Amino acid sequence: MSPQGDGNLSVMSLPEFVLDGFEGGPQTQALLFALFLAPYVVAVLGNITMMVVITLDARLHSPMYFFLKNLSFVDLCYSSVIAPKALVNFLSSSKVITFEGCIIQFFFFALLGTTEALLLAVMAYDRFVAVCSPLHYPITMCPSVCARLVLVSYCGGCLNSIMQASFTFTLPFCSSNHINHFFCDVPPLLKLACADTTTNELVMFGLCGFFIMDTTLVVLVSYGYITVTILRMHSGGGRHKLFSTCGSHMTAVSLFYGTLFVMYAQPGAVESMEQGKVVSVIYTLVIPMLNPLIYSLRNKDVKDALWRLGQRHTAT
């Protein structure tokens, strides 16, 4: 079906969307390309390095590093769902994405983003058990329990993704096919709908609020107990090591949950699309880049493992 006379598009004429991205001429787009490429390359190299080091170094075969390896995998996939398409669009005059491509991109974006939020909560619980109940830790966090916790994280991400995608992509899109964003996300898509989106907004705020608030509560309670336990320690060295490890995790958690809350879990988030684009860059590119740096530079075990891997490579 062809566009209607008033310039709008009918529901049947939306086999594809156009990702408007950021405004600006060719020079601005080239600059944005460089600004996106640098953190994406660091994110890919950093997260692959973390996965390789944790896999190859037997001393890192513990629950904490099992979760960290899964976090690195999620971060790698998470940034790769968004960055490559955005980079291509910066250098292309055609910023088209098919309707099916938009669904797929959003599905994996929502799945991986929710999974990361749940994984961060699982990692906080792991630290809580390790610090506050060290004698029971090997039993409580045995390999089967760790595997189930990771599986639950992925299942939670899949559930949220399916529900969000189902509510969003069954809307009639007839006002325009231009998405005011650099990837397919719920807030800009709701702007294109020619039907009442109140239910969709409530679903988005409800689901995102549920996952963000529940996981944040787990993190805060876990680290509350951890802080009290560390302060009661008499060993200064042990206290410093635990604060260093837990501080790394809290830094990653604060960045991730903070940006998600600003974007999805507050009324009015849908209205501020320009702010949303900047916030989206933080949690789709900057955080996946920072996580491996945070966990490696502030973690003596990881730095030692990197050194041992380097020595082994040099020796061969």
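Each Cβ is built from the backbone N, Cα and C atoms, and glycine gets one as well.
Keep in mind it's a predicted model, so treat the numbers as computed, not measured.
Per TrEMBL, these features apply:
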DOMAIN    46-295  domain 'G-protein coupled receptors family 1 profile'
TRANSMEM  30-54  transmembrane segment
TRANSMEM  66-83  transmembrane segment
TRANSMEM  103-125  transmembrane segment
TRANSMEM  145-163  transmembrane segment
TRANSMEM  202-226  transmembrane segment
TRANSMEM  247-266  transmembrane segment
TRANSMEM  278-297  transmembrane segment
Range from 30-54, 66-83, 145-163, 247-266 with most C-beta pairs under 8 A to the transmembrane segment (202-226): 247-266
Most Cβ pairs under 8 Å with the transmembrane segment (103-125), selected from 66-83, 145-163, 247-266: 145-163
Arithmetic mean of per-residue pLDDT over the domain 'G-protein coupled receptors family 1 profile' (46-295): 87
